[in-house]
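Chemist: Below are the features listed in Swiss-Prot for this protein:
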type: DOMAIN; residues: 1-91; note: domain 'PE'
type: REGION; residues: 121-170; note: region 'Disordered'
type: COMPBIAS; residues: 124-170; note: compositional bias 'Gly residues'
type: REGION; residues: 330-351; note: region 'Disordered'
type: REGION; residues: 427-561; note: region 'Disordered'
type: COMPBIAS; residues: 427-440; note: compositional bias 'Gly residues'
type: COMPBIAS; residues: 454-500; note: compositional bias 'Gly residues'
type: COMPBIAS; residues: 510-553; note: compositional bias 'Gly residues'
type: REGION; residues: 650-923; note: region 'Aspartic proteinase-like domain'
type: BINDING; residues: 686, 839; note: Zn(2+) binding site
């Protein structure tokens, strides 16, 4: 039958709206009647009179019909109003009846509630969260059981309440989480750190309530609580002066075991399904490995060797899946047994501890959890599938210059369980292994000119082995055995460490990529069931495929002149699972056939070779992985993995390239260069001069014949004589100029160029200004190859010097570099046009006496605001207030020198177009 839901207030509102519509229509009809019922003829002829009479008759007919429609409208609105009033009266009566029904139900339930604490009709109460309280039982005659409350930390969840004759059982409560383990204590000087405490076990999930005796499903079991976090390992003690090695960091605590899933409730004896069991709780995360102690600087040793960081704790095992509830009884509707819950996810392995001042290795990742066991099927029902294995923990991160930790192994798949009348359950897949930990970068400690050895990037950690697939369940009478689970894939090897090739350090090799993990073995197929009378036994299940091996790690980019690391070898393919045993013959039936063996997994691909540095040598490609072995009964060997890709050849043309920029004393920018393949030396980056000028005492290599001589000087009083040579300038990372003019000082007064630059520690001046006419024969930037000679971006805040086109957008560009024309304002005074030199090497700068309105020979007073605008005075370029240590010197000249201030406030790009003029862009 159909049902009608009515809201009396809505009907009353609709009737009111209809009344308003009727009024508007009546007014419109009255207005139309005046103009349409008595039309005047358009002319005095008979035709015009006939047309006017015809249309007037139409209008009168419309008015007659409108009166009838209005009457119907009024009747309809009145009907809606009456209906709303009647529904309102009925609602009042129904409310009284409902109240009476609740009172009657209370009277019915009172005796049983008093005698046995359970209503005759009604649902049971739910357990309070966090208490593990059991759910209340449902009504004896009719009602569902209440849900169990969740458990307190480490405690089980409450059991679901049972139903009566008719009703569903309540769900079991979730188990409480495990308590975290205590952290290990730090070691004494030279000693090892203490191990972290293990995490607590998660509480078990509550059991599901039973379904009604006559009808109803069993309640689902509660989920097991997650295991507690393992405690962090203690920090290793620092090395003693007598012995340079620091202590080993403590091992991280083992993560707590996840709680077991709750048992599903039993279904009704006649009609109903068994409850689904709860999943096992998640395993706790392994504790963080303790940091290795720093090496102590011993007598005659530059740097002590730090001990290895503590190993990360294993992830906790996942909780076992709960057992599925039994299904309906004999003669009733046969419900399926509950599926076995998945094993809890294995906790991630703790990261390896940080190595000491030398190069400690990262700890290994923890192992993954084990998958849950499949639930038992009821008579006639199918068996539950085995749970999947937990995923292996990731390998620990390595420190600078050390190897990455190995990935944890994947958990094994759960075993399927056969059932009466059903096929064997499928074994769970093995968990995927964790990836190998990433290694650190190559560590360098001393500048290259001293010729000390520099560390190489660490080797990537090996990927963890894949978990084995679960065995297939045994088939019952006349049914096939379950299929074995697939083996988990091996984890990928960690990437090799980067080689370093930065300023003030020798280039070194990139680390090798880690080997891929071995694929997990496939599960064995289940045994076939005994043949039924007159029938044949079931075939055994097929063995699971071996997991594919993990890929070898790819080696990373190395510095110029160094070799890229070799790609890691691919992991071996997992062996195929064994064939299942054929079923036993039934009476008169033929025995089942053994299943075919699965193919072995393919070997993983070798890792890519590392890219050589610019103009460097390319890396070696990695070897392919070994194919997995097939089984004796029909399996095929896996294919050999492909070789890794050949490392890239160093690039010779670039659009942009960057080198480090070091700021000395917060005011002097310094970069490192090498002339004609010599040692790397520091030079002052100076936009206020043109050409490279070097102190001869730091240059020992032969530059060839002298191509010119001259005499020049710098503001500050230094005058020098020089020889000019044609040679190459190397900025590192393969940034090598074409042969260009370099000025080498032969004599100077007063003192040497090195003494003149002693504040910055530089041994030369790299003048990059296009239009200032200062000493030198050419700018080094114009000798850069390709587009790198377009200009240079100076970004002191980021610590970089970038060659090539400007990569920043939205800047303000003015003509001239470094000499240009600007408008200057002193405090709130008027704007004054003045020539200016944007001089990165000018320290605090100078200002003309006429511009500052101050006598020459002194400094601008602290607290003076100097603002510099474009020459039209419309756009501010930069502004600052002077201090006692940052104020320009007042000179009698006519050109303002900005000093370092604008470069400290923002990135500035110097363009070499147009030639000999250039532009300056404030970004």
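Easy rule for this one: first residue shown is 1, then count along the chain.
Here the Cβ of each residue, glycine as well, is placed from N, Cα and C on the backbone.
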Chemist: Might you list, by sequence position, any residue in that chain lying six or more from residue 686 (Zn(2+) binding site) with a Cβ less than 8 Å away from its Cβ?
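Modeler: Result: 765, 766, 767, 768, 769, 839, 840, 841.
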Chemist: Could you count the residues of the domain 'PE' (1-91) that DSSP puts in helix, in strand and in coil?
Modeler: 75 helix, 0 strand, 16 coil
Chemist: Using a 10 Å cut-off, grab the number of neighbouring Cβ atoms around the Cβ of residue 839 (Zn(2+) binding site), all chains included.
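Modeler: Excluding its own Cβ, the number within 10 Å is 25.
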Chemist: Average the pLDDT scores across the region 'Aspartic proteinase-like domain' (650-923) and report the rounded value.
Modeler: 89
Chemist: Helix, strand, coil residue numbers for the compositional bias 'Gly residues' (124-170) per DSSP?
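Modeler: Counts, helix then strand then coil: 0 helix, 2 strand, 45 coil.
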Chemist: Could you say whether, by DSSP, residue 839 (Zn(2+) binding site) belongs to a helix, a strand or a coil region?
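Modeler: Coil, per DSSP.
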